[in-house]
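Record features, source TrEMBL:
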type: BINDING; residues: 27, 28, 29, 30, 31, 32, 140, 183; note: ATP binding site
type: BINDING; residues: 53, 74, 75, 76, 101, 102, 103, 104, 144, 155; note: ribonucleoside 5'-phosphate binding site
type: BINDING; residues: 108; note: CMP binding site
């Protein structure tokens, strides 16, 4: 599979690749649910957060830059994120990708569409109350540098300001499928199974950005 621009012949190949983006705030359960989706529905699960952390672990100059940005609770530049995501996708022979934690802003969307000439079949939005996400992040104790209360709240703010416009963009294209992610893991997955089995239901209602922003602490 080649995700670079190659003209008509390349575009024909690209149409065979099915992509689903999974968006949700920090601690909304993206990783947990994606593992279940991948197992039940045969997707290859790629976590953008994990891809970025792997680059940090590699000790590269890019990894050092990513680490500094993530410590500050900010978003990694789109060209860096998409390039690393492309590399991960090119290294796997799969026709179905489940990409969690992406896109995180409108620049991500543009960079992905420009570089791959592809769009997601739909976007799964795990909608979770901020107090529940905060509780989950503080209790998971995975040793991640960005799982402290100060950085967590910065990440919430970035999500509300940067990712919500992305959700609105895909909602305008009829691609958003929203799930109440504040419920138990099993209850959330039951809702997700309906979406992946049918692919047409649970479109997100229009989002009030003002209403959402009041959640920021």
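Cβ atoms are placed via backbone N, Cα and C, with glycine included.
Unlike curated records, TrEMBL annotations are generated automatically.
The highest number of surrounding Cβ atoms within 10 Å, among the binding-site residues 30, 53, 140, 183, is found at 30. Minimal Cβ crowding within 10 Å, among the binding-site residues 28, 108, is found at 108.
Counting only same-chain residues at least 6 apart in sequence, those with a Cβ under 8 Å from the Cβ of residue 103 (ribonucleoside 5'-phosphate binding site) are 21, 23, 109, 112, 163, 166. Between the alpha carbons (Cα) of residue 30 (ATP binding site) and residue 101 (ribonucleoside 5'-phosphate binding site) lies a span of roughly 7 Å. Those residues noted as binding ATP (27, 28, 29, 30, 31, 32, 140, 183) have their most widely separated CA atoms at a distance of 17 Å. For residue 32 (ATP binding site), the same-chain residues that are 6 or more apart in sequence and have a Cβ closer than 8 Å to its Cβ are 185. Sequence-distant neighbours of residue 31 (ATP binding site) (same chain, 6+ residues apart, CB-CB distance under 8 A): 47, 49, 50, 100. You'll find the Cα of residue 140 (ATP binding site) roughly 17 Å from the Cα of residue 53 (ribonucleoside 5'-phosphate binding site). A sphere of 10 angstroms centred on the C-beta of residue 27 (ATP binding site) encloses 24 other C-beta atoms. Around residue 29 (ATP binding site), the same-chain residues at least 6 positions away in sequence with a Cβ under 8 Å from its Cβ are 126, 128, 136, 181, 185, 188.
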